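According to TrEMBL, the feature domain 'HIT' maps to 49-158. As annotated by TrEMBL, substrate binding site applies to ASN75, HIS147. The motif 'Histidine triad motif' annotation in TrEMBL covers 143-147. Per TrEMBL, active site, tele-AMP-histidine intermediate is recorded for HIS145.
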Amino acid sequence: MLARMTSEPEQQIGVGTPDAFQRLWTPHRMAYIQGENKPSGPGAGDGCPFCSIPDKSDEDGLIIARGERVYAVLNLYPYTGGHLMIVPFRHLADYTELDSEETIELAEFTKTAMTTLRTASGAHGFNIGLNQGTVAGAGIAAHLHQHVVPRWGGDSNFMPVIGNTKVLPQLLADTRRLLADAWPKP
Ligand SMILES: [Zn+2]
């Protein structure tokens, strides 16, 4: 079981010691800081990545699951392995703009994401939330997205072994497949 894979490397690395996986991911925050993939304006036609991702294949878009009104997608600039987002298909900035059906499906997808991450990765805990507005830290403020960030004791993670030998796109592809396979099918 994949969940079993987490315990041994964690013990080898030791609690509180940043492992290779974290070091691998951290530099990719730089691309985010430098504004890569940022839309040019607030509209859906201003290059909003969350509007264009659903047009791609699941593999190319790093999509884990598609609902009727929202989808789950891996974060290109993750805080941890498995950091995903629940995103409405509609281009909306503010949580209060979601209609009732979108609100319900976003909540249901958040719950399913937690279950899936626990199943696939043995996540110990989660940080979940919405950054509303640039002032609150939203990277792409024009299109809301709920972060689901899995956490492990000692900030370890679920693919430390292959993380030593694979580059980021492979890691993201492997993570997407792992979570897509574990996501419950309707
Ligand atoms: Zn959008």
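From the backbone N, Cα and C atoms, a Cβ is placed for every residue, glycine too.
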ASN75 (substrate binding site): tally of other CB atoms within 10 A of its CB
20
Cα distance, ASN75 (substrate binding site) to HIS145 (active site, tele-AMP-histidine intermediate), nearest Å?
10
Using CB atoms and a 10 A radius, I'd like the single residue among the recorded positions HIS145, HIS147 with the highest neighbour count.
HIS145
Can you give me the average pLDDT across the domain 'HIT' (49-158), rounded to a whole number?
91
